[in-house]
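According to TrEMBL, the active site, phosphocysteine intermediate annotation covers Cys332. The substrate binding site annotation in TrEMBL covers Asn272, Ile273, Cys332, Ser333, Asp334, Gly335, Trp336, Asp337, Arg338. Feature annotation from TrEMBL assigns domain 'Myotubularin phosphatase' to 124-494. Summarising the annotation, TrEMBL assigns domain 'FYVE-type' to 632-683.
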Amino acid sequence: MEHIRIPKVENVRMIDRYNSKNSIVGTLYLTATHLIFVDPIANKETWILHMHISNVEKQPLTTTGSPLLIRCKTFLSVTFVIAKERECHDVYTTLSKLYQPVSYQNLYCFQYTSSTEDLQKCAGWDYFKLESEFKRMKVPNDEWQLCKMNKGYELCDTYPNQFYVPNSVDKAILLGSSRFRSKGRLPALTYLHPNKASICRCSQPLAGFSARCVEDEQLFVKIRKNNPNSNILYVVDTRPRMNALANRAAGKGYENELFYENTKFHFLGIENIHIMRASLQKLIETCEQKSMSGFLSALESSGWLKHIRSMLDTSYFIANAVYKGISVVVHCSDGWDRTSQVCSLASLMLDPYYRTIKGFQCLIEKDWLSFGHKFSERCGHLSTDPKEISPIFTQFLDSVWQMMQQRIDAFEFNERFLLILHDHVMSCQFGTFVGNCEKDRLDLKLCEKTFSLWGFMANHMNEYLNPLYKPGEVDDILVPNLAPQCIKFWRGMYSRFESGIHPREDVSDFLLASKEHCSSLDEHVQHLTKRIGNLKNLISKSAKKLQTNGANLLQNATGRADNKFNYDNKKLSELQSADHDHPLNPLKSESYCFSNLSVSDNNSEEVDQITAEINSVALDWKSLRSATACQCSTPFSQEMKKTHCWRCGEIFCTRCIDKFIPLPGHHSKKLVPVCRACFKLVTTISP
């Protein structure tokens with residue numbers, strides 16, 4: 001709070017960048033974590049997390065005030081015009097100190113406290129273990145073993161403390177290879193296919209123009225021989241050949257083919273972090289174009305889609321080689337940017353497990369978090385060298401989205417899942433992506449002091465489901481279509497805050513709501529069917545009891561009649577007296593009538609319970625299109641998820657529908673989302 005020089009500014013105009021005449025006058029608030037603009041007329045709030053801000057720019061003074069342009073890592077761009085220049089300067093100074101802290105301890109995750117009691121701080125930190133993921137791939141085995149030389153991060157401080165290497169290698173080979181590789185990042189297993197072909201990752205060798213390392217060469221031989229189906233090994237250098245040649249002058253470079261037998265080398269031309277950073281900047285400028293020709297020419301000039309295609313092309317080359325039984329070793333310069341991109345994308349193409357929500361999270365844990373992608377530097381979490389910032393993870397998510405557009409049925413998750421993941425990588429609200437490697441996260445004690453993103457996402461899993469997912473109908477390898485016409489601009493990511501360019505309702509949201517509604521009704525039908533079956537059994541048992549009792553009474557009465565009367569006209573009065581005891585006499589059979597088929601004395605309570613079960617499930621759900629604002633008066637926007645209450649059928653924002661409870665009228669009694677009012681009602685009625 002000591003950095004906030006001015007907590008509140010009134011009469012601030014927020015300008016629509018597509019229409020400068022369309023401005024909103026409101027109040028600007030500065031808190032320790034957010035910048036909040038309140039529109040009093042529309043009762044709308046615009047929240048900007050400080051950690052999402054990528055740049056704050058003071059623009060030239062105008063007749064209406066001092067403009068302040070704020071660009072965000074979530075691709076929100078907003079301009080505030082502040083009447084007094086002094087107030088504008090105070091806001092600018094405050095934001096400059098808050099959006100890029102100087103130390104890890106000032107990050108949002110260390111101050112964040114969950115707004116709900118359902119999310120525990122420990123939740124999510126133990127969801128994924130590297131050993132468990134490799135056990136799923138049946139590692140360790142006869143070919144691969146667990147390396148424990150990095151227990152104290154002495155061998156390589158940016159690798160996990162345990163990783164897998166060929167069984168037949170000794171410590172001398174591993175130590176020699178580590179010394180020969182940039183940052184000590186020696187070849188380590190990251191994916192093993194059932195056909196025994198593998199993907200290993202490392203960094204560039206310190207070869208210069210003539211240096212060699214016998215231990216490194218021996219390690220490559222061991223990797224090749226671990227695959228009995230092929231006598232060759234591919235080495236994929238993701239850099240352009242010219243870049244690799246330039247690195248030789250600095251004593252690095254690439255492997256000499258003469259020293260690595262039965263090995264084929266491939267340069268696949270993905271550009272470096274500086275080219276990617278410049279490309280993203282041009283893409284952001286592209287989104288601000290107002291004309292069709294301007295947009296198309298700027299999009300081509302940015303080269304963004306070309307870079308995305310290059311990543312998919314390289315990843316498919318690796319995946320196809322492994323699918324055909326050839327092992328691959330992948331590296332770039334230091335092995336934590338382009339290597340993470342293509343290794344994870346290739347694994348995604350090869351393994352359907354990684355296309356599930358849990359599997360995708362596990363893939364990120366393995367190839368990005370454990371093997372040391374520099375999230376804090378690449379995402380600009382701290383005040384650091386701006387040349388280290390680059391959209392590496394954003395490009396990875398974009399590539400996944402491209403494959404989802406081509407094979408939507410192959411992925412369990414939807415677009416919102418990728419957007420939430422992207423935004424929280426940038427937000428530092430959770431400690432999952434803070435730091436540059438596994439060692440950093442242990443030193444910061446993030447699992448003790450911060451919340452996990454995976455724990456948060458587990459409580460909102462129904463928001464990320466793809467209703468078109470068909471897990472049983474996937475190919476052995478997912479082949480991306482790399483034709484230029486198939487690589488698309490991701491409007492949902494880069495232009496998601498622009499009004500007027502999106503459909504009224506997202507198709508996946510509409511399908512998911514329909515699927516959930518059908519699921520609720522199906523659960524209700526199953527419950528009612530079971531109820532009806534139970535009632536039929538009770539009626540059947542009571543009817544049999546009535547029939548038995550009636551038959552006994554009839555038999556006794558008939559016996560008395562036969563002995564007592566001869567059915568002549570003289571004894572008609574006596575016959576009428578016998579009829580008084582007949583079981584079908586209304587007075588005698590009153591206690592055996594159908595209306596009194598009861599197995600308990602609590603009929604009224606039973607009826608009330610059945611009525612409550614019937615009323616606990618909404619038969620009609622409100623249409624998504626008809627909902628413009630939540631009952632808390634928060635207007636629905638493109639990026640805000642609309643969620644139905646399964647009990648009343650009304651639509652709420654995610655903040656107002658944070659309760660989950662089993663409904664009495666559902667067969668499986670699984671937890672479903674309900675609004676707060678229905679939650680109180682169900683918990684009060686339920687026994």
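Cβ atoms are placed via backbone N, Cα and C, with glycine included.
Shown here: features listed in TrEMBL, placed on the structure.
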| residue | record | CB count, 10 Å |
| --- | --- | --- |
| Asn272 | substrate binding site | 16 |
| Cys332 | active site, phosphocysteine intermediate | 27 |
| Asp334 | substrate binding site | 19 |
| Trp336 | substrate binding site | 25 |
| Arg338 | substrate binding site | 28 |
With a radius of 8 angstroms around the mean position of the C-beta atoms of Asn272, Ile273, Cys332, Ser333, Asp334, Gly335, Trp336, Asp337, Arg338, what other residues of the same chain does the substrate site pick up?
Ser203, Thr238, Thr339
Could you give me three numbers for the domain 'FYVE-type' (632-683), the DSSP helix, strand and coil residue counts?
8 helix, 13 strand, 31 coil
Could you tell me the mean pLDDT over the domain 'Myotubularin phosphatase' (124-494), as a whole number?
95
Sorry to bug you, but what's the C-alpha spacing from Cys332 (active site, phosphocysteine intermediate) to Asn272 (substrate binding site), rounded to the closest Å?
9
Max pairwise CA distance, angstrom, over record-listed substrate binders Asn272, Ile273, Cys332, Ser333, Asp334, Gly335, Trp336, Asp337, Arg338:
12
For Cys332 (active site, phosphocysteine intermediate) and Arg338 (substrate binding site), determine the Cα separation and express it in whole Å.
6
